[in-house]
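Per Swiss-Prot, domain 'Glutamine amidotransferase type-1' is recorded for 4-202, and the stated evidence type is sequence analysis. Positions annotated as active site, nucleophile by Swiss-Prot: Cys81. The active site feature in Swiss-Prot is assigned to His176, Glu178; the stated evidence is sequence analysis. Among the features that Swiss-Prot reports, domain 'GMPS ATP-PPase' is placed at 203-395. What Swiss-Prot records for Ser230, Gly231, Gly232, Val233, Asp234, Ser235, Ser236 is ATP binding site, and it gives sequence analysis as the kind of evidence.
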Amino acid sequence: MHDKILILDFGSQVTQLIARRVREAHVYCEIHPNDVSDEFVREYAPKGIILSGSHASTYEDHQLRAPQAVWDLGVPVLGICYGMQTMAVQLGGKVEWSDHREFGYAEVRAHGHTPLLKDIEDFSTAEGHGMLKVWMSHGDKVAALPPGFKLMASTPSCPIAGMADEARGYYAVQFHPEVTHTSKGREMIERFVLGICRAKADWVMKDHIEEAVALIRKQVGDEEVILGLSGGVDSSVAAALIHRAIGDQLTCVFVDHGLLRLDEGKMVMDMFAGRLHAKVVHIDASEQFLGHLAGVTDPEQKRKIIGREFVEVFQAEAKKLSNAKWLAQGTIYPDVVESGGTKTKKATTIKSHHNVGGLPETLGLKLLEPLRDLFKDEVRQLGVALGLPPEMVYRHPFPGPGLGVRILGEVKRDYADLLRRADAIFIEELRKTIATEQDAAAGLCEPQQVGKSWYDLTSQAFAVFLPVKSVGVMGDGRTYDYVVALRAVQTTDFMTAHWAHLPYSLLGRCSNRIINEVRGLNRVVYDVSGKPPATIEWE
């Protein structure tokens, strides 16, 4: 049996990042809603418990509390943001509105040399105080410590930014150690899990494969499964995992909805029918999809339509399979959390994903989502462990709705043709441009990244079609053509992301080639928005 960490979710958009950090320490963990029963907490028998953040306020929802068993079990507890506030309230402290809300980067001073923060710092002040670079996101604050607690961290606007009761193993921080913006956050969570909870670091991807294969076999039995194959990383790994579990009971359905990347269809058929030796059915449904998208400009409606049409195609194909009872999808956790579809149903919806938001209740197939609780980097690790080729595993992700969410406003075939050619040029230039020592000296990449392609140094890159025209001059004539935006981000988990600082020379080549080679485009811009506040995809 693996040691386990229990994560209680109060509705934060980044709760799964806590799980990811715990897994990086090779410790098994699960997320469950904050309102589980005392009996559940006791039977789960965790080595430690982590309380997540929340969009709620301790003033507005007095029911949003941790079960009493959390405090009775005698195991270490870590409270994060709202988790710190509910810990304070439930154990006799005081929380109040803050007249200075903190959202974003902050510098926190550590106090008291507690086991959680001792010798962890980003820099020291002239007075010798250890400081941490962290990410804050709170409106309330702890105003009075509960009995037995001492101050662990502070900021000028949040005098109690961390607290600890070392005797009972209770620790809490107002900032978010789970996000990458908190530079020492991974170390803090690892210290809590391995050092304070003393959990064994014995959970690895090999274990997950064995557990997932066993679960798929148990769920599916002798029934057949169809899977929507897009050529992206997620559906590829899902197909490989399910194929390992049930073999020829899986039929992959590749739908050409007219919104694919350049030469996508040929690549997918060659790769999956050839390499995976799986059953792959190729369906050209471009007229069906584009017809239903005509005149639709709202991004949510576009996603819903694309999801609905996918379901219709799958249902039609399933009728040809006498024993097809399951629809498999490559849904991963960032898809779920942005759709407000976590296990707890507490997170607010940012946008729906066709995998999780477009399925009607009348769907005649049961849903199989073996990657639903994994992050993108974990999916890649799983793909490698399954023996998939690097060109498949490390390909940049591509959304299920395809170019439909990269064409702003109405989707037209002409727009898609322009966009896929511009996108292909961008990707080609990223692949063939190698990071240099000059790039490292300019701070565009790390010294150890010199020699890698800029495609490999970015996590996701693509072009976006903007349905606006701008004036240009080509030759001696005036042009009035469309605009494309280039987007490239760097991230480890796709929950947060930084825009990629690409060399100007690379961006210049992309712009020149797109404008000269794609008739109908005369302007190229580069997106320098991070996530948050923006999402990675524009729609």
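Yeah, the Cβs are placed from backbone N, Cα and C, and that goes for glycine too.
Here the structure is a predicted model, which means the values were calculated and not measured.
Neighbour count (other Cβ atoms within 10 Å of the Cβ, all protein chains): 20 for Gly231 (ATP binding site). Taking only the Cα positions, the spacing between Gly231 (ATP binding site) and Cys81 (active site, nucleophile) is 39 angstrom. Nearest in space to His176 (active site), taking C-alpha to C-alpha distance over the recorded positions Cys81, Ser230, Val233, Ser235, Ser236, is Cys81. Sequence-ordered, the extra residues of this chain that approach the ATP site, with Cβ no more than 8 Å from the Cβ center of Ser230, Gly231, Gly232, Val233, Asp234, Ser235, Ser236, are Leu229, Val237, Ala238, Gly330, Arg395, Pro397, Phe398. Distance from the CA of Cys81 (active site, nucleophile) to the CA of Gly232 (ATP binding site) is 35 Å. When Cβ atoms from all protein chains are considered, those within 10 Å of Gly232 (ATP binding site) total 21, not counting its own. Put simply, the residue listed as 'active site, nucleophile' is 31 Å from Asp234 (ATP binding site) when counted between their Cα atoms. Counted within 10 Å of its Cβ, the other Cβ atoms near Asp234 (ATP binding site) come to 25, all protein chains included. Secondary structure from DSSP puts Ser236 (ATP binding site) in a helix. Under DSSP, Glu178 (active site) is assigned to coil, being neither helix nor strand in the three-state scheme. Counting other C-beta atoms within 10 Å of each candidate's C-beta, the recorded positions His176, Glu178, Val233, Ser236 are led by Glu178. Separating the Cα atoms of Glu178 (active site) and Ser230 (ATP binding site) is a whole-number distance of 31 Å. On the backbone, the CA of Ser235 (ATP binding site) and the CA of the residue listed as 'active site, nucleophile' stand 34 Å apart. Across the fold, the C-alpha of Ser230 (ATP binding site) and the C-alpha of Cys81 (active site, nucleophile) stand 38 Å from each other.
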